[in-house]
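Accompanying notes for the structure given below.
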């Protein structure tokens with residue numbers, strides 16, 4: 001395998017029962033003569049003929065000559081990686097693993113099968129985009145708890161967890177336990193950070209005891225106090241999310257209500273602020289009704305727009321200025337979690353039928369599923385987009401597995417993140433360097449992203 005001195009790509013052939021490669025280049029010297037094959041369309045469809053392709057990438061340091069290549073229709077990612085790495089030898093890049101996008105979807109089988117599924121003519125020149133494969137996250141510490149871990153949220157070097165033993169816990173990423181916080185009278189269902197610096201942390205927790213509680217943590221003294229108890233829901237509170245400006249937080253409950261609360265230490269906007277401060281009880285700023293069953297997830301899309309998902313089979317986008325529903329997406333499944341990406345404006349959902357689904361709330365056909373992701377073997381409980389990688393998200397399910405997905409790869413996840421011995425209840429990727437999950441095996445599992453670590457070191 002070599003590159004000619006004049007820059008033309010030499011014939012690269014690897015002959016076997018299934019595939020061969022040869023590049024189409026201008027006429028070369030006789031000793032570099034390239035054999036050509038005349039293949040019928042049926043041969044290509046059966047994986048026995050050749051397809052003409054252009055190899056393209058947005059990663060310029062991995063670019064190859066922009067010439068057409070004739071490759072066997074039966075090739076898969078493995079053979080394409082061998083071929084591409086041979087072309088990249090002159091750039092000193094060897095042993096790089098790539099994934100290949102053909103018509104905006106990852107190649108996961110034979111090229112001919114992929115083209116047939118997309119109803120693409122085998123006689124057309126095909127653009128194949130290649131991207132460096134996202135490295136596998138590495139398992140790190142296992143944080144042992146006394147009961148099911150139903151809520152996890154990371155910020156900086158800290159991990160906040162909520163348990164079925166009614167306690168909140170604070171940990172470091174290295175597995176050191178800092179604090180156990182009692183206060184709730186029923187299992188914790190959700191937690192979120194309000195603010196965090198070197199001296200203090202503020203966070204909110206919600207519980208099946210029908211309340212949300214705001215907390216202030218002095219890091220130096222490792223002491224915590226409950227700032228206020230937020231009352232107003234009539235059933236368990238399953239979800240919470242703090243606004244981007246940290247001024248408010250939203251909660252969703254089994255009572256079907258969405259409530260907005262002040263996240264300020266002094267709730268000056270409440271007419272009963274003085275009395276509330278004395279009693280430690282806080283009431284909601286706003287209550288929004290629209291769901292017919294439990295609200296399973298709530299997320300701020302911006303400072304005045306919220307996304308909710310529900311067991312009533314719907315996603316709703318709320319405009320807080322109008323105090324009403326802006327958009328509704330109807331599905332045919334109960335939704336147990338939903339995540340919105342600010343990078344691509346898409347929503348991914350988790351359901352009991354083992355599948356994840358992708359929606360676009362911006363279109364007039366918002367209820368049309370953009371993609372369905374197959375891979376879990378049980379009820380999918382939790383899902384979250386990366387906040388730095390446009391195409392990546394993670395999920396956790398009752399099959400005891402976490403999975404890392406690329407939204408362009410619906411047929412299979414990028415990686416299975418193994419470790420839990422029981423069902424996964426919550427997953428978080430707030431810190432780009434760590435994927436954190438809690439489960440019914442009483443543990444929190446931490447997976448480290450080697451890509452994020454490398455990029456973080458390069459930018460320091």
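Here the Cβ of each residue, glycine as well, is placed from N, Cα and C on the backbone.
For reference, TrEMBL has these:
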DOMAIN    51-115  domain 'NLE'
REPEAT    230-262  repeat 'WD'
REPEAT    288-321  repeat 'WD'
REPEAT    373-406  repeat 'WD'
REPEAT    417-457  repeat 'WD'
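Listed by sequence, the residues of this chain that lie at least six past the ends of the repeat 'WD' (230-262) yet keep a Cβ under 8 A from its Cβ atoms are 186, 189-195, 204-214, 269-270, 281-300, 302-303, 306, 308, 310, 312, 318, 320. If one looks beyond the repeat 'WD' (417-457) by at least 6 residues along the same chain, the residues whose Cβ comes under 8 Å of a Cβ in the stretch are 134-156, 159, 161-162, 171, 173, 175, 378-379, 381-389, 393-404. Summarised by DSSP class, the composition of the domain 'NLE' (51-115) is 23 helix, 17 strand, 25 coil.
Residues belonging to the repeat 'WD' (417-457) score a mean pLDDT of 87 in the model.
Residue counts for the repeat 'WD' (288-321) under DSSP, split into helix (H, G, I), strand (E, B) and coil, are 0 helix, 22 strand, 12 coil.
Residue counts for the repeat 'WD' (417-457) under DSSP (helix as H, G, I; strand as E, B; rest coil) come to 8 helix, 18 strand, 15 coil. When DSSP labels each residue, the repeat 'WD' (230-262) comes out as 0 helix, 20 strand, 13 coil, counted as helix, strand and coil in that order.
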